[in-house]
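If you look up TrEMBL, you'll see Lys17, Arg18, Lys19, Ser20, Gly21, Lys22, Asp23, Arg141, His171, Gln180 marked as ATP binding site. The feature substrate binding site is assigned by TrEMBL to Asn170.
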Amino acid sequence: MAPQGGVPLLVLLVSGKRKSGKDFVAEALRSRLGEDVCAVLRLSGPLKEQYAQEHGLDLQRLLDASAYKEAYRSDMIRWGEEKRQADPGFFCRKVVEGVFQPVWLVSDTRRVSDIQWFQEAYGALTQTVRVVALEQSRQQRGWVFTAGVDDAESECGLDNFGAFDWVIENHGDEQRLEEQLEDLVAFVNSKL
């Protein structure tokens, strides 16, 4: 059952590997659609908030791209998996509370259970968006393979998902990326 809040007209579930550009694509879409139309939701937000509370950590430092966050990443992943095993929709329900914009863009969808929860809660309003980037492009953005992170479900859970509704190629070709974003924005506008 969907939690209290607004009822969206469209839910975009954005996924991709680390340094593929998920957040960049999400922010590019929000800037084109406007903050009054599009809310960017991050499942990692409530996860990090709860983790920080339970472990006495600095939430603001866990939210940024710092060495502090990286020091806790593996344990946060393990802890988050335990929470999801007990309740697969725990973080999904928390992230949509009180959101009233008509377009919800979940910028860090990582697991089949995340997609299933949104599809069950919002049905045909849900679209999956996969951001892909060549390994070389990801490395240029600072990605380095980290055992226990890049081979964990949080990074690999959607590798065999099947057909995504949208695939955004973010290999570094700005013109190609812009064309893909324009197509997705036109689709979103057709739903408003």
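Glycine residues also receive a Cβ, built from the backbone N, Cα and C atoms like all the rest.
Shown on the structure are the features that TrEMBL records.
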residue: Lys17; record: ATP binding site; contacts (Cβ under 8 Å, 6+ apart): Val132, Ala133, Arg138, Trp143, Asp150, Glu155
residue: Lys19; record: ATP binding site; contacts (Cβ under 8 Å, 6+ apart): Ala133, Arg138, Gln139, Arg141, Gly142, Trp143
residue: Gly21; record: ATP binding site; contacts (Cβ under 8 Å, 6+ apart): Val131, Ala133, Arg141, Asn170
residue: Asp23; record: ATP binding site; contacts (Cβ under 8 Å, 6+ apart): Ser107, Asp108
residue: His171; record: ATP binding site; contacts (Cβ under 8 Å, 6+ apart): Val132, Ala133, Leu134, Ser137
Record lists Lys17, Arg18, Lys19, Ser20, Gly21, Lys22, Asp23, Arg141, His171, Gln180 as binding ATP; longest Cα-Cα distance in Å?
20
Applying a 10 Å Cβ distance cut-off over all chains shown, what neighbour count does Asn170 (substrate binding site) have?
25
